[in-house]
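Swiss-Prot has this to say about the protein:
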REGION    4-186  region 'Large ATPase domain (RuvB-L)'
BINDING   25, 26, 67, 70, 71, 72, 133, 134, 135, 176, 186, 223  ATP binding site
BINDING   71  Mg(2+) binding site
REGION    187-257  region 'Small ATPAse domain (RuvB-S)'
REGION    260-348  region 'Head domain (RuvB-H)'
BINDING   315, 320  DNA binding site
């Protein structure tokens, strides 16, 4: 995962203080969990059924873009099941012994949460298969001719895997999850509720319009909404009476160069370069990287996804093309030099 310092990126590296605040305002139960109605309804049923049978919840895979609450949902699952949660990540599990130590310390029905599960090594995956299916740990002791396999029985447990790249999971691993949940981007209404709830937990005064304005610029992502709330709080404390109103939220976010649709300076630079320097495209990735002085990976993984999701950019076989939405957003005239085919693409 490429990390960045953009305030509107869900991959932004957070400080210890920010992480501790995030943990404090996370919902602890499904009743407190805003948004994702289908996921919430399904998980309520699955958890109640497992508890009534006194069984471990089926292994659960949660995937979706960063910042939508995969870790939060895993904690909620453990809280609702009234069990302990052990947490790790795919890159950390380098040796068989690392995973074996975690598995042998689980109590009955505990939750083992593995973030970035798509980054597990093949060796670790092979150990997970019998653990997930049969609750058995199958490990090799010794080396060479003296090596032998031993089986250790494990208590029933729930593996919760989280990933932003579900397509990178191997089929054998993916097929062993009984529950698969995709988290979608949040609506403005749901994000406004999250902002309002977070503000109250942080003992902040906020109006409905103020919460709504922060939500509109948060790119459908709770992590970004909570980060923007903290920055608007700072502005309100220094420049106003501390109350976060629409006017204060608008001024603070404008100062931070986050526009009404959630674009920041990098989004503006990308789209304006594409439209003003290259006539809207099509433009190849190498050319855009050189024009922006950015790494190709940063462009593909950090800048472009949101622009594509929101319909401001198309990635075609011939290159990147700015859409009609992009021209309208910046109030730019569509060049007459564009071919009829490109004009048709722009109007889609």
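A Cβ is built for glycine as well, from the same backbone N, Cα and C atoms used for every other residue.
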Largest inter-residue Cα distance among 25, 26, 67, 70, 71, 72, 133, 134, 135, 176, 186, 223 [record-listed ATP binders, Å]: 37
Packing count at residue 320 (DNA binding site) (other Cβ atoms within 10 Å of its Cβ): 24
Nearest of the binding-site residues (25, 67, 71, 135) to residue 315 (DNA binding site) - Cα to Cα: 67
The region 'Small ATPAse domain (RuvB-S)' (187-257): DSSP-derived helix, strand, coil residue counts: 51 helix, 2 strand, 18 coil
Where residue 25 (ATP binding site) falls in three-state DSSP terms: helix
DSSP three-state assignment (helix, strand or coil) for residue 67 (ATP binding site): coil
Model confidence over the region 'Small ATPAse domain (RuvB-S)' (187-257), averaged pLDDT: 93
